[in-house]
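Features of the protein shown, as given by TrEMBL:
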- Gly10, Ala11, Gly12, Lys13, Gly14, Thr15, Arg123, Ser132, Tyr133, Glu195: ATP binding site (BINDING)
- Thr31, Arg36, Lys57, Leu58, Val59, Gly85, Phe86, Pro87, Arg88, Gln92, Arg156, Arg167: AMP binding site (BINDING)
- Cys126, Cys129, Cys146, Cys149: Zn(2+) binding site (BINDING)
- 123-158: domain 'Adenylate kinase active site lid' (DOMAIN)
- 30-59: region 'NMP' (REGION)
- 122-159: region 'LID' (REGION)
Amino acid sequence: MNLILLGAPGAGKGTQAEVICKALNIPAISTGNILREAIKNQTPLGMEAKTYMDGGKLVPDEIVINILKERLQADDCKNGFILDGFPRTVPQAEALDQMNVRIDRVVDIEVADEKITARLSGRRVCESCGASYHTQYKPSKVEGVCDACGGKTVQRKDDHPDTVKERLRVYHEQTEPLIDYYTKAGKLVVVEGQEEVADTTALTLKAVEA
Ligand code: AMP
């Protein structure tokens, strides 16, 4: 099964991707995580991406398309994959079509902007493995420590309030048109994000397995 998770930043794509990847035994591919790893390792790609990311802007299409193309060639994608955070623009979706990658379903997780702002301020991510937590909705067992790998959980720089505002603006302008794009392709399923993560997960799994 080849899946795309759509939704605004903070809609819960990463958390849902983690659940689905375990349920279906396919990798979750997050372009955001790949870019953050490049920044951590101070590669030329990371250096270039950092300025855009810290300002809440999108990294240029050409860069992320190349990252994804390479990642999809890995062996673990043979039985399917979940894309979390790609595509984020219509040209990226078109590039995916041109790669002849079959997409079975696109799950759009919808959450109102006001809720997103509150959610992102409580989000914490593991510096080592990228696992995602929330101080209120999904706390790690020990505060500041990742359940999965014992790494340190921190607030992302781009989760600060001003950057969140800009990320939401960019989302509405550049990513939201994909809802129309995949509706026309007959692939879109909408999931209303719920207060409880587990409730959203139940709806997401239903949308994927239906
Ligand atoms: P995420 O972890 O998915 O929220 O991504 C964090 C940041 O990485 C975004 O705000 C963008 O700056 C960048 N990024 C991740 N994926 C993409 C993409 N598909 N296109 C452009 N920029 C991206």
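Note that the numbers count up from 1, one per residue, in the order the chain is shown.
Heads up, the Cβ atoms here are built off N, Cα and C, so glycines get one too.
Whatever TrEMBL says is automated annotation, not expert-curated.
The Cβ of Arg156 (AMP binding site) lies under 8 Å from the Cβ of Arg123, Val125, each on the same chain and at least six residues away in sequence. For ligand 1, the nearby binding-site residues are Thr31; that is, of Gly10, Thr31, Cys149, these have a C-beta under 6 Å from one of its atoms.
Taking the C-alpha positions, the distance from Arg88 (AMP binding site) to Cys129 (Zn(2+) binding site) comes to 23 Å. Mean pLDDT for the region 'LID' (122-159) in the predicted structure: 92.
Across the domain 'Adenylate kinase active site lid' (123-158), DSSP helix (H, G, I), strand (E, B) and coil residues number 2 helix, 13 strand, 21 coil. Of all the binding-site residues given, namely Gly14, Val59, Tyr133, those whose Cα is no farther than the 10 Å limit from the Cα of Cys146 (Zn(2+) binding site) are Tyr133.
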